[in-house]
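Note sheet for the following structure.
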Amino acid sequence: MAKAGPVYVCAECGAVHAKWSGRCDACGAWNSIHEEAPAAPGPGGVRLPRSHRAAILSDLSSTEAPPPRTLSGIGELDRVLGGGLVPGSAILVGGDPGIGKSTLLLQAAAAFAGSGLKCVYVSGEEASAQVRMRAGRLGLGQANVQLAAETDLTGILTMLDAERPDLVIIDSIQTMWSDAVGSAPGSVSQVRSAAHELAGFAKRRGSAVVLVGHVTKEGQIAGPRVVEHMVDTVLYFEGERGHQFRILRSVKNRFGPADEIGVFEMTGGGLAEVQNPSALFLSGREERAPGSSVFAGIEGTRPVLVEIQALVAPSPHSQARRAVVGWDGARLAMILAVMEARVGLPFTGLDVYLNVAGGLRISEPAADLAVAAALLSAREDAALPADMVVFGEISLSGALRPVSQTENRLKEAQKLGFSQAALPERSKAAEGTGVTLRSVPDLAAFAGSMFGAG
Ligand code: TYD
Ligand code: MG
């Protein structure tokens, strides 16, 4: 075997390169590649099975009962998990530092303890006294959760094998280290090896294991993406720093739908559930303001109404600005191009700012028409009807394409007091939702009927 030299690993995506370079060609991240000691072969690293038993087969049609799930009672969390916590599952919760992950998971541990689970919270970042103080602030001082302040993976696994808890929180995976791995704590090999061992423990003992992962900005510490493939469920905790709303989003879930969201509000006493996110995202909306539209979206299995705001102003610069918060910048460029080419409304020389109110990030193509509506309204300086929701996908020809779950979108709109909807022709919508449908074939027809423009 050739002697193993140093390897160069991307901390963002975990790709291994033969030599250093400034940009990772696997994921495109800059300055994320650094040298790591080669993985130590032999004992310690990955545990080899002691004996080779033959693999066991069972029928696909076998009626083995699915594992029972446990509900925490925090409805927003239970839904994002796909209907409660699955025993033996490994869950990654990623998010920016300071976004509220430790708070969320301490609250979750206390809630699951209240549902009868034996819960252990391992903090590699805070002393037990600090975690206790936090629990006190959250009003959870009496919760039946066992604490450990530890970063040594072997010690943690020994404790877990003896205690056999139902739920283990590891905060955070980047602080865990094992001396069987030759590189520094936080490196890709340490983080991967710790995640591998802990996910293995989950499967072996039927405990649910939650790994907290900081989204890292600089390339020295491995990010949560390097362990996404090792876990059953990947959740991200998101939100804009200045906003009090936080969104827990499932991006992968072997036990439920992906793209489900749970909405929380930050308070002095911890995270509070938001059961009616539409009402929250629309609160504070100025109804007759130009540059605002209401998008009837679907997040996971739930309809959510959200305000889209646009500002269009003559640009003082030779290169006009395009700034987007909560949506995709490339998609905005596409809509501006369609507006120019198919509707005859250029945005050259105009700065364009687009914002999804409330800190939600939208990725549905169904938002195209709502974005176009906000842009047109801003450009024409004319408000849309205050009681109208908008949705539909825009194709490059300017035609509007129907989107999924039209009926659910309309029902949510009606529930929140909206009485009309602009939507693509041929949308599958039953009459009787109480919402007047203004179906339009293409973007030019929409601009014409709303603003007499184009
Ligand atoms: P923390 O949970 O420590 O974030 P993370 O683990 O993701 O780094 O939260 C950061 C700070 O915000 C902490 O000082 C507590 C505070 N906080 C609240 O006051 N209320 C809340 O509802 C949340 C979520 C956090
Ligand atoms: Mg924390």
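For all residues, glycine too, the Cβ spot is worked out from N, Cα and C.
Not measured: the values here are computed from a predicted model.
Annotated in TrEMBL:
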- 66-215: domain 'RecA family profile 1' (DOMAIN)
- GLY95, ASP96, PRO97, GLY98, ILE99, GLY100, LYS101, SER102: ATP binding site (BINDING)
- 252-256: motif 'RadA KNRFG motif' (MOTIF)
- 351-454: region 'Lon-protease-like' (REGION)
Legend entry - Environment of GLY95, ASP96, PRO97, GLY98, ILE99, GLY100, LYS101, SER102, the listed ATP site - residues of the same chain whose CB lies within 8 A of the CB centroid: HIS214, PHE237
Inset, instruction - Consider only the binding-site residues GLY95, ASP96, GLY98: which of them have a Cβ under 6 Å from an atom of ligand 2? Write none if no residue does. - result: none
Inset, instruction - Pick the one among the binding-site residues GLY95, ASP96, GLY98, GLY100, LYS101 whose Cβ has the fewest other Cβ atoms within 10 Å in this structure. - result: GLY98
Inset, instruction - Using CB under 6 Å from any atom of ligand 1, narrow the binding-site residues ASP96, PRO97, GLY98, ILE99, LYS101, SER102 to the ones that qualify. - result: PRO97, GLY98, ILE99, LYS101, SER102
Inset, instruction - Mind tallying the region 'Lon-protease-like' (351-454) by DSSP state, helix then strand then coil? - result: 38 helix, 25 strand, 41 coil
Inset, instruction - Would you mind ranking the binding-site residues PRO97, ILE99, SER102 by how many other Cβ atoms sit within 10 Å of each Cβ and giving me the lowest? - result: PRO97
